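Quick look at what TrEMBL annotates:
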- Cys50, Cys53, His54: heme c binding site (BINDING)
- 37-212: domain 'Cytochrome c' (DOMAIN)
- 1-19: signal peptide (SIGNAL)
- 219-237: transmembrane segment (TRANSMEM)
Amino acid sequence: MKKTIATFLLALLPGLATAAGGGAHLEEVSVNIHDEAALQRGAKLFSNFCLSCHSVEFQRWRRTAEDLGLSQDQVEKNLIPGDDTVNDMMDNVMPAEQAANWFGTTPPDLSVVARSRSEDWLYSYLKGFYLDDSRPFGVNNTVFSNVGMPHALWELEGLKKPVYKTVTGEDGEEHKVRDGFEYVTEGSMTHSEYDRAARDIVTFLSYVGEPARLERPTLGVWVIGFLAVLLVFAYFMKREFWKDIH
Ligand code: HEC
């Protein structure tokens, strides 16, 4: 019986991985949403390279400014496109209808994407664009096959093409399989700088998915303080109650 259950669970595992990552290998990333410098860099990259198409609907600029330790002026000058102010939501610049015409699909709102897709998936996605002539924008993606988004960060990362190797399958036939990538155009960043840029964007998206997480440690301190005070009271009350019984 145990064996049957184990087999069943094992059979389920690849299915779960496929559901999350489209079957492709995900690169692991570790992000720290309390790293203010990373959040600021991520917000800037997001505003420069993503906000033209994607909104972060649940977030007001004022909140971003406060949480990231930036002044209203800094945010309005450096992050907010057009005439919007800190009182506006982080809306995308492009009207949805026009975007749908251009891309065949509306660029989705990214408020909760770090939770719906996972941080590792997002990181792999931003690093996963590769040249593919058969696609409308000339690129495909390792974790999102036939993606309808251009490689928004290609100037930073550069462009890479897949390299293939030939393997002999179980059927005795030879197959071409992808075996890594090779850069054909270098970007303005080194590869490790690009990794950091991708991680910073994931950090920012992870934070906007749940801004309240930034507050929790402070809240925790208050809760523990409250419990400590309560404990002292409880102790004296207990002494008071049992005083006459002994
Ligand atoms: C030129 C418009 C455009 C820009 C700029 C752009 N995207 Fe996209 N993005 C799209 C479109 C269109 C899709 C939908 C793709 C599809 O469904 O095939 C998409 C999809 C995505 C998805 C997948 C969402 C999901 O769960 O399906 C993520 C994540 C994403 N974009 C992140 C980004 C980030 C981060 C940036 C900035 C570095 C960015 N995008 C810049 C147009 C854009």
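If you go along the chain as it appears here, the first residue is 1 and each next one adds 1.
Using the three backbone atoms N, Cα and C, a Cβ is placed for every residue, glycine included.
TrEMBL annotations: computationally assigned, not manually curated.
When pLDDT values are averaged over the domain 'Cytochrome c' (37-212), the model yields 93.
In sequence order, Phe46, Phe49, Leu51, Ser52, Ser55, Asn92, Pro107, Leu110, Ala152 are the residues of the same chain, not among Cys50, Cys53, His54, whose CB sits within 8 A of the CB centroid for the heme c site.
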